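**Student:** Take this structure, written in structure tokens, and hold onto it; I'll ask about it next.
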């Protein structure tokens, strides 16, 4: 956007559109202002023919230059066919219709976090993939808005506050011509389905992330199952401490078996049992050990795994962060009732109850405590290495001082002998 039109032409176009300078590059607002000024400056409406011609010329040049910003980089490698100027009237919101906001960001709370590792097919994640594609294949070290339309480039250009960035960014992309984004519309309409092996498994893990998180990317192949393409976590992991500090995740396990024992029902009294299915919230890291299988799932002749039916990919319900941009759609908020301890629980069951209560009803406190505990573990792990480095520097300094003292002593002896002669 900084190389579109000269400075004088920019100021003249904004003057004709009657927009402030900070809105330069906001295509939606500029296009709306252009339509309003076209009605006022049209000769048939009593406007000036010269001003109308100048406005049309500057506006056409602006759109052509923005279109050429991406083309001048040498292509994106997405093999999306570009249209001519006649096909720029179709905006992104018109392309996806009423479900634009759901397809724009499939899982708002996690798509914003997964910057590098994501296999999601929403518009937000696909534009982020284009950013990496442009840097790798086009050797573009610094990208600005216009060359790339990802969230980071948008925030860097407009300096948008974090609280409202998703709402403003969704409206910004909504009015953008779909042809300028180089998006594969088919992949947005038809996201990648999970593999058949995972569909036939008795227990299927669904993550709140839409793809590979930093923690899943560090999973060792020899230390557990490899994460699937749809973002399914491995059963056992060797976690790297920097990844845990930067990207804690939460998972949801769908267990297709008979309901657990009374302990789990006391912990989660608000969960509705439908047929033989129950949703159990889990946390990847906990201060206490995991619940033993014999406590949650006692041996029973009725515990027979049922075949998993074919499921349709559904989009995640919008959270509070994303409700503001939904046009007139009200989503009921499900507030789980507080956990009430019951008499007759063993110390182990009470320990599990307190852990789940802290993890699920105070996630911010739980995340901060887990991060502090992990940070302390990292410091202890690297303390020996720091001690060895300090010892090496100390030995080197002592050796240097001993050599310097020996040289000084040798010079003193030579000077003393020379005086005797």
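Keep in mind that glycine also has a Cβ here, set from the backbone N, Cα and C atoms.
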**Student:** I'm validating the feature mapping. Which of 215-237, 238-260, 261-283 is tagged region 'Disordered' in Swiss-Prot?
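**Tutor:** Among 215-237, 238-260, 261-283, the range Swiss-Prot annotates as region 'Disordered' is 215-237.
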**Student:** Quick one: which of 117, 169, 322 has phosphotyrosine in Swiss-Prot?
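**Tutor:** Among 117, 169, 322, the one Swiss-Prot marks as phosphotyrosine is 322.
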**Student:** Annotation phosphotyrosine per Swiss-Prot: which of the candidates 189, 315 has it?
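**Tutor:** Record says 315.
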**Student:** Return the average pLDDT for the topological domain 'Extracellular' (416-421) as a whole number.
**Tutor:** 80
